[in-house]
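Here it is, the structure in full.
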Amino acid sequence: MSSHTPAPALYGGSANRRVTVQDLAAAKERGERWPMLTAYDALTARIFDEAGIPVLLVGDSAAMVVFGYDSTIPVTLDDMIPLTAAVSRATKRALVVADLPFGSYQAGPEQALESAARLMKEGGAQAVKLEGGHRVIAQVEALVSAGIPVMGHIGLTPQSVNVLGGYRVQGRSEEAAEALLSDAKELERAGVFSVVLECVPARVGAEITRQLTVPTIGIGAGPDTDAQVLVWQDMAGLSPRVAKFVKSYANLAEQLRDAATSFAEEVVAGTFPDEQHSYA
């Protein structure tokens, strides 16, 4: 690309190739913000891909929104692989990032490598995400050395909810904010291509974003991060309860209830199927 040719926009850009981690880095240099959504199945992944969402996260939040658990802890690597494969098969442009679930990397670098390799070989992921700062640096370095792109995740780390004492905002005190910044810088030095900041004060999200050269992705981290992510069911108004940081852009729960009710009423009344929906 010549110096006179503008870089393609990250959101809604060309569908001729996959978004890469280099594209995300270039977007930060340009000051271009971008969206990320979760996806767990082929149909929604295809819709989001067609909508121009540049990064899709196959999140361990599947534990709650797909499998019905009350935390992310129970979901397994064997659960995550087919979900990742479905999203990868259904998309042409979005960078597909898969969460390393609880228990799949904490034992050390070797376990992390084995788990990430499965998500990439069997699931088709182009990158993986893991939670934690200083305590997972060895895992991050091993993954990056093996050629596996890694997205970091600090702040509220749901896999550690039992240690954190619940789903609470992190980094409110000066000491806690400094610890988060230290973790973020360590992750950057270890080679992550981006860092998720979850449930931290807006000022902390802004400062970490300012000090890192890699993109930050906010979820409840204020307006100044380089990107924003939401669980798609929260974004679309399907979840029954959402956090303060969630904005719902549709009321999918009500639409689905209305559709199911209309279908049921027509079946009971004998008006579906009608001639239009029957074979001659």
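The backbone N, Cα and C atoms fix where each Cβ goes, glycine too.
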Given that Swiss-Prot lists D60, S61, D99 as binding 3-methyl-2-oxobutanoate, which residue among K92, K121, K129 does it place in the same site?
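For 3-methyl-2-oxobutanoate, Swiss-Prot names D60, S61, D99; of K92, K121, K129, the listed one is K129.
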Can you tell me how far the Cα of E198 (active site, proton acceptor) sits from the Cα of E131 (Mg(2+) binding site), in Å?
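That comes out at 11 Å between the alpha carbons.
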Same-chain residues six or more away whose CB lies under 8 A from the CB of E131 (Mg(2+) binding site)?
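Counting only residues 6 or more apart in sequence, the Cβ neighbours of E131 (Mg(2+) binding site) under 8 Å are H153, I154, T157, P158, Q159, S160.
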Can you name every residue in this chain, apart from D60, D99, E131, with its Cβ inside 8 Å of the center of the Cβ atoms of the recorded Mg(2+) site?
G59, S61, T72, L100, P101, F102, K129, L130, H153, P158, Q159
